[in-house]
Ligand SMILES: [Zn+2]
């Protein structure tokens, strides 16, 4: 074999390795990089949902040990989302209020560090996002939520509890109880009308549809305000 041929053959694996690294590299913005990005594109701002949306209720499970990790992940019980996501949620809330309901948020923007921690605990990308890609929560583009009754202040009955890994949690899983079916239907319908898409395997998880260009962020809540 000629020397040139050998040299080419030896180079090929290195070339493919380099391009793979380039494609797979996840960009994670810290606070300064995020602030810079907001200066250039103001719609990237993370909005405090508790302040922006009237009557919204926060029940931030990861700020308590009452979540699937059994650990306190967040230091503060707050919820943030990118500006267009917060605005869409605000308009959905206006519609829910007309029905006598209010949005109750379990989780919204999630710092990338938390996603890494979830993966360390669960270690299975069927149930938690891979740290290689991050999740839409990390981009401030996904909300976990349910509805509560404004009069009774109680959560509406839904097919499962939050963060259930059961098949009944799937958004289109059959429901025999007509009340539960009605509750899940109004939740999904109103949010869909306002630009969200329900996750196939989690009735409580909604992705905002217009999220292109929003980066994965790693800023703890206490650094956001
Ligand atoms: Zn979620």
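Backbone N, Cα and C atoms are what each Cβ position is placed from, and that goes for glycine too.
Feature annotation from TrEMBL assigns active site, proton donor/acceptor to 202. Annotation source TrEMBL lists Zn(2+) binding site at 137, 144, 205. Taken from TrEMBL, the feature site 'Transition state stabilizer' applies to 110.
There are 25 other Cβ atoms within 10 Å of the Cβ belonging to residue 137 (Zn(2+) binding site). In the three-state DSSP assignment, the secondary structure recorded for residue 202 (active site, proton donor/acceptor) is strand. Listed in chain order, the extra residues whose Cβ falls within 8 Å of the Cβ center of the Zn(2+) site residues 137, 144, 205 are 106, 107, 108, 110, 135, 136, 142, 143, 199, 202, 204, 206. Under DSSP, residue 144 (Zn(2+) binding site) is assigned to a strand (E or B) in the three-state scheme.
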